[in-house]
Amino acid sequence: MIIFKNNEIRFNSILKSILLLLLLFINGNNCKTAQQFLDENFNHALFREHQLEKEYKTKQLVKDDPNMYSDWTEVPAATAEAVTIMRGDDYYYDYDKEQKIEMIVFGSENAISSGSAQNYWYGQTCEATNFNNTPTTTCPNDCHSYWGQGQCNETSSTCICNYFFIGDDCSENVDPQHNWDKMNCNGGRYCPPIYNYPTPRSCVCPPGQAGLECTVCLNNEGCQALTGNYSSSFECNSSPYTYFEKSYSCVVTSAEVNGDLNNSTASASIDCQFPGGNYNTQTGVCSMNLYYRIHGSPLYFNCSFTECDRTILPGQNQSIVCQNSVCNCTTYCGFILDGLISAVTGEATFECGAQTNPDGTSNCLFSQYTINQMLPAIPLQCMSGECIDVATGAPTPPPIYPVPVASMSFLYIYVGSGVGFIGLTLLIGAIFLIFSLQEDRKNFKEDTHLVCELSFHNISCYVNERSGFFGKDVKRKQILDNVNGVCPPGQLTALMGLSGSGKTSLLDILSGRKNVGNIDGKVLINGAPVGKNFKRISGYVTQDDIQIGTLTCREHLMFAALLKLPENMSLEIKQQRVASVLEELGLTRVADNPIGTSEKRGISGGERRRLSIATELIVDPSILFIDEPTSGLDSHSASELITKLKQLANNSTKGQRTIIFSIHQPSAELFEQFDNLILLHQGNPYFSGKREDSVNYFIKQKIAGMTEFEQQNYRMHLKNPADFIISMVTDKNCQRFNSTYVDSRVASPFYQSTSPALSSNSNNSDINLNHHRIINNPHNQNIHHQQHHHHHRHIYGINGPSIDNNDSDSDSDERDHLLASDNINNNNNNNKVKNNDNNNKNNDDDVEDIEEASPIIVVGNQGEPLASHIKIGKVEEYATSFWTQFFVVCRRSLLNYMRNPFLLRTTYFVHIFVGLTLGYLFWKLPANLEPGCQNRFGAMFFMTALLSFGSITSLDLFYNDRIIFIRERANGFYRTSAYFLAKVVTDIIPMRVIPPIILGSICYYMIGLRPGILHFIYFLISLVLTSTVASSMCMAISTISPTFGTANMVSILLLFVFLLFDGFLLARSSIPKYLIGLVWISFMSYGLEIPVVNEFNGLWIEYNPPNTRPTYADGLEFLSTIGANPNRLFTDMYVLLGMIVGYLLLAYVFLRFLVREYR
């Protein structure tokens, strides 16, 4: 044995020298690290040498007699143990118990007290009946002989250790990895494993003691062992209140903390000391050891707290608040977490409930200011014990909290019940109110078809045109100038004129759509001003036929019927109305054909035009406005359409309709079908009256001065009256004939009055046709006139004699037919005329200079007034409720998605493909720093960027359908809010919710992200929220952008800025302070932080740098390096939800107030 010891010393010296030289050669610039590495490897080498020695002895025993140990009867225990380990047997023979012992570890995993558990370890049982391991007189050290770790050599007074332990007292395990985290068992037995078996370490406590470190008393006998005083004056107090020195042994029940420890249930030992039993005055100190496993070792970190005070909370719960905190990590923490734990300062709080659980434990809560920045308050389940010397006086009991528990509970119950009752009452009341309003709407009987006469008086309109680079030059442009007229029901009224004459502007003003420019004048319906309900009794067909091309004609009209017909009308009646309109406009043959898109041809142009008219006829409007109904149609289609319109005006089953339309230069066939004509040129009215009178009016101007033969010849060759009328207006010589006509009109029998009202109003008033307005009002036939003396006029550069007509009969004859507008100053011509007419003998000889004016003469019979004027009853602005409009628009949008599935299919295919690709590239990432953490972070960044940029497709949502929305909203189809909500819902659910879920579901487990259903759900929520925020932002941009290119450019620019400041490409610590606001407004920073925190907060990361022993770091350390806050998981979700609401609200405001057709 002496020879062996000498060889051992020689071997150790040689080995240590070789390792030292090798390390110095490899890393000569870092001697300290090399020395540490040498010490660690030397201990391993020593352990290996110890193994070789045991193996040598075992082989020698087996060599002497191979069959000697087959029945395990005579082999010494130490030798048998060594043989068992070397042979790999599952048991060994214990000679003291004379039985075979299985080499397993078992016991109650959830037991806080290890005193009652039987924990076995490889090679030696921890079960003990005698805990008196005191040194003997011959051996100054214990040698842990009872435990079989060593025995005292009385000759040398030293301990001789067995094969598994070393040290002066044989307390150190031969494997150094099992010594640094050795627990202080306070008289109990510490059970470490041997060799490299990953078995639990724990304290086996003596009778009467319990807890992780055997510091909790179970009874009075335990107090005697703990205090070393075997008198009977010590009593064990198991309440959660701390009097002098209380010990708590706790199990951590926090899922987050245990998740950080690789889902191992952590434990904590807490001790608090106070100098006296006075509960209210003295301050004390506390300490805490946080262990990795439920039964203790290894130690994670420990903390000391000072300036601690005890208080009693409601419910008699105890709270210990300490002002100062100091914490230290063990080597188990890792480098990064060591720095974080060492920085712990500030207040710490330890609270325990007065009520105990059935197993005798209490529910407690530990929180610390610095730790709370990374983790919330840590819930604990603790057993407690304190040994109190009653001989020195009983401690002061804790005070009673002022508010009794029962009273507080009843107060909560009363308040909660009251609030709940009030809330329930309000909810029921709101539901009842909404239901009542809906029933009132459904039961409301609207008026039948209204026969309406439309009249307009003194309609003028001008706009300010800006020019120049900066638009500073403003020029006023006259669009309409004092236009008057009457449109009777049952007739076609045509607004005719060349392009730019003001036809569409007048049509827009009459229909209430004109929203640009300054407008003067009055528009009356049956003598009453136009109200908000005008949309319900009128329809407007624009020049452009814009419909959803994927729908059929019947579907298009059915959606219009569902939106514009009353809700009390049954679905069957609405379907009959659709079929009737289709038949009325000759669309039955193509009723089930698609309308057609730019990619796929559908119905013809004429059929589309008739479909646009049919859309407005669904509600049987009293007044129908049509802008250029024959535009783009051939002569046959145009004639057929005008014929249909004439039938609709005069042959309605519910009453006559008033139809007003604009037209350029119709054919003779079309012109003959008009009932009334309003002629405009350059904004000025030239005629307003019956269509047949217009031809005679302009012919008499044309043939004035011709011989009778020339007049007959001219009438014979007149082919198209419309062409003739337009040519008369544009002819430079027209004013010469107009002047002649005005001079001779009094004697013409064509202008004899047929109105008794006007005839009875005959008087001797003088009328100047150029300076006065005679309005044929169908309701009172009042004539406004004024006498002017010695007025002269200049017509397009032609001077004519002034008119001084004193014949009252002539005046009365003309009042029924002439509609003259006021004299308007022409600012473009400043010629002034001085006319000395010697024939005006009844007037003064004074001569007045006047500004040049156009001859505004509007002539014709405006039709007899209605015998009885039908008043417009109570008609609501919209025929259907908000929810009806919402569901109908939702259904139409979804149907459009199904009929045009390319975008939907492409989106789903891309997300499935990307999910599989990411799963393949990042397959089962390991839980290490590189590539595990790097690739996890990269995969999350890629998904965030993909979903954000993929949401640019939302730009089409409101931009492509903008014209349809403007037209339908203007026609009273729906509210802006109902349309907006329907479009948002039908876009977000199929395009922003389902695709991210598909993407995340495919790649989550393929990548190997954190297991657990909650973590998976949080991950999907982050993807959905990110996609929805990006989509909402694009919606807001598209609603306000004038062009699609502008919306696209702004969206991409913002997405790139947000991508740069999301925390992946640019570290937050390196962002300048004046740009840090971009981080807070970047939705990607929140969208990326959620999955990162969800993944790394609780992930145990292996750090394995080259040439060093691998260590483990908490995921919190990684989060701190990238600037992520682990406590912002739910806060980030709330922020993203707020951004969604904010962007959508902004988009709605833009859509409601800024998106409109400027006419």
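Every residue, even glycine, has its Cβ placed from backbone N, Cα and C.
Marked as transmembrane segment by Swiss-Prot on the basis of sequence analysis: 11-31 (among others).
Per Swiss-Prot, the feature transmembrane segment maps to 415-435 (among others).
For 454-707, the entry in Swiss-Prot reads domain 'ABC transporter', with the evidence type sequence analysis.
Around the Cβ of Thr504 (ATP binding site), 20 further Cβ atoms fall within 10 Å across all displayed protein chains. Taken residue by residue with DSSP, Thr504 (ATP binding site) is part of a helix. Positions annotated as ATP binding site by Swiss-Prot: Gly497, Leu498, Ser499, Gly500, Ser501, Gly502, Lys503, Thr504.
As annotated by Swiss-Prot, region 'Disordered' applies to 752-846.
Per Swiss-Prot, compositional bias 'Low complexity' is recorded for 759-768 (among others).
What Swiss-Prot records for 775-784 (among others) is compositional bias 'Low complexity'.
Marked as compositional bias 'Basic residues' by Swiss-Prot: 785-795.
According to Swiss-Prot, the compositional bias 'Low complexity' annotation covers 822-841 (among others).
As annotated by Swiss-Prot, domain 'ABC transmembrane type-2' applies to 902-1154.
Same-chain residues lying 6+ beyond the ends of the transmembrane segment (909-929) with a Cβ under 8 Å from its Cβ atoms: 935-936, 938-939, 942-943, 946, 950, 995-996, 998-1003, 1006-1009, 1099-1104, 1113, 1118. Taken from Swiss-Prot, the feature transmembrane segment covers 909-929 (among others), and the record attributes it to sequence analysis.
Within its own chain, the transmembrane segment (937-957) has Cβ neighbours under 8 Å at 903, 907, 910, 914, 918, 922, 983-984, 987, 991-992, 995-996, 999-1000, 1003, 1007, 1023, 1026-1027, 1030-1035, 1037-1038, 1044, 1047-1048, 1051-1052, 1055, 1058-1059, 1062, 1064, 1083-1084, 1087-1088, 1091-1092, 1095, 1122, counting only residues six or more beyond its boundaries. Annotation source Swiss-Prot lists transmembrane segment at 937-957 (among others), citing sequence analysis.
Annotation comment: Swiss-Prot describes 1005-1025 (among others) as transmembrane segment, evidence class sequence analysis. Sequence-distant contacts of the transmembrane segment (1005-1025) (same chain, six or more residues past either end, CB-CB distance under 8 Å): 916, 918-920, 922-926, 935-936, 939, 943-944, 947, 992-993, 996-997, 999, 1087, 1090-1091, 1094-1095, 1098-1099, 1129, 1132-1133, 1136-1137, 1140.
The annotation transmembrane segment is assigned in Swiss-Prot to 1047-1067 (among others).
Per Swiss-Prot, transmembrane segment is recorded for 1074-1094 (among others), and the stated evidence type is sequence analysis.
For 1135-1155 (among others), the entry in Swiss-Prot reads transmembrane segment.
Through the fold, the transmembrane segment (1135-1155) approaches residues 958, 962, 965-966, 976-977, 980, 984, 1025-1026, 1028-1029, 1032-1033, 1035-1036, 1039-1040, 1083, 1086-1087, 1090 of its own chain, all at least 6 residues removed from its boundaries and within a Cβ separation under 8 Å. Sitting within 8 Å of the Cβ centre of Gly497, Leu498, Ser499, Gly500, Ser501, Gly502, Lys503, Thr504, and not among those site residues for ATP, are the Cβ atoms of Ser662, His664, Leu680, His681. The Cβ of Ser499 (ATP binding site) has 8 neighbouring Cβ atoms from other residues within 10 Å, across all protein chains displayed. For the binding-site residues given as Gly497, Gly500, the lowest number of other CB atoms within 10 Å of the residue's CB is seen at Gly500. Sequence-distant neighbours of Ser501 (ATP binding site): residues of the same chain at least 6 apart with a C-beta under 8 Å from its C-beta are Leu680, His681, Gln682, Gly683. Cβ neighbour density within 10 Å is lowest for Leu498 among the binding-site residues Leu498, Lys503.
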